[in-house]
Amino acid sequence: MTGKFISIEGIEGAGKSTQLSFIESYLIKQGKQVVVTREPGGTGLGEALRELLLSPNYMGMSPDTELLLMFAARAEHIAQVIQPALAAEQWVICDRFVDATFAYQGGGRGIDIERIQTVSDWTLNELNTDLTLLFDLPVEIGQQRVIKRQQQKDRFEQEKTAFFTDIRQCYLNRAEQSAGRIQVIDASQSIEHIQCQVIKKLDVLLEQ
Ligand code: TMP
């Protein structure tokens, strides 16, 4: 037996951090050993790559470079954190995983999905999430939330509305094609309503 692998996804401002803490405490209450991690990042090398990827110093980074750095961080993350945790029957909750690459580098940057699939097959080697929760909301609402944070915007957050509209659409298309692995949650609802939906999805996985 191995643990379960959950990722959470959504455009900027979808409320992933709040939901991540909620999911972690819910699973701990159910007696699970939980590892919380993130992409890009999750390892020393991955966090160093994250700094490069998010830094506004590299606004002109080529889409292929961006894609390969995302997968380099992911390869390290899988080898050092995700696989060992799953093998030890722990539950891994990851703030973003490969669906983000299809949405951001595919939908956002316009890289051909087949090319992303090739690098993905090579890097993931059959690994994928058991459940991905996609927190979906209109781009404008997400952007208003990001503005309220009043932090310096990273390289992705500085992109225009159209970039995020394409990403959102790509996420939703992917959810439709995912045969249930990706579950969409309306993130514009009240927090209580969202958490109720999250519990329902987690309970299905807990019963498997
Ligand atoms: P975060 O701030 O939500 O943790 O994510 C960092 C940024 O990296 C976010 O704007 C989405 C982006 N990203 C990609 O473009 N491709 C990926 O594969 C991942 C994991 C994140």
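Cβ coordinates are placed from backbone N, Cα and C, and glycine is handled just like the others.
These come from TrEMBL:
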| type | residues | note |
| --- | --- | --- |
| DOMAIN | 8-196 | domain 'Thymidylate kinase-like' |
| BINDING | GLY10, ILE11, GLU12, GLY13, ALA14, GLY15, LYS16, SER17 | ATP binding site |
Query raised in the report: Averaged over the domain 'Thymidylate kinase-like' (8-196), what pLDDT does the prediction give?
Result: 96
Report task. Could you tally the C-beta atoms, other than its own, that fall within 10 angstroms of the C-beta of GLU12 (ATP binding site)? Result -> 18
Report summary line: Mapped onto three states, the DSSP assignment of ILE11 (ATP binding site) reads coil
**Report entry** Of GLY10, GLY13, GLY15 (the binding-site residues), the residue whose Cβ has the fewest other Cβ atoms within 10 Å
**Finding:** GLY15
Query raised in the report: Setting GLY10, ILE11, GLU12, GLY13, ALA14, GLY15, LYS16, SER17 aside, what same-chain residues sit with their Cβ within 8 Å of the center of the Cβ atoms that define the ATP site, listed in sequence order?
Result: PHE135, LEU137, GLY142, ARG145, ALA187
Report task. Work out the three-state DSSP category of LYS16 (ATP binding site). Result -> helix
Query raised in the report: For LYS16 (ATP binding site), what residues in its own chain, 6 or more apart in sequence, show a Cβ-Cβ distance under 8 Å?
Result: ILE8, GLU9, GLY10, ASP95, ARG96, PHE135
Query - Fewest-neighbour residue among binding-site residues, criterion Cβ within 10 Å, set ILE11, ALA14 - result: ALA14
Query raised in the report: Across all chains shown, how many C-beta atoms besides its own are within 10 angstroms of the C-beta of SER17 (ATP binding site)?
Result: 11
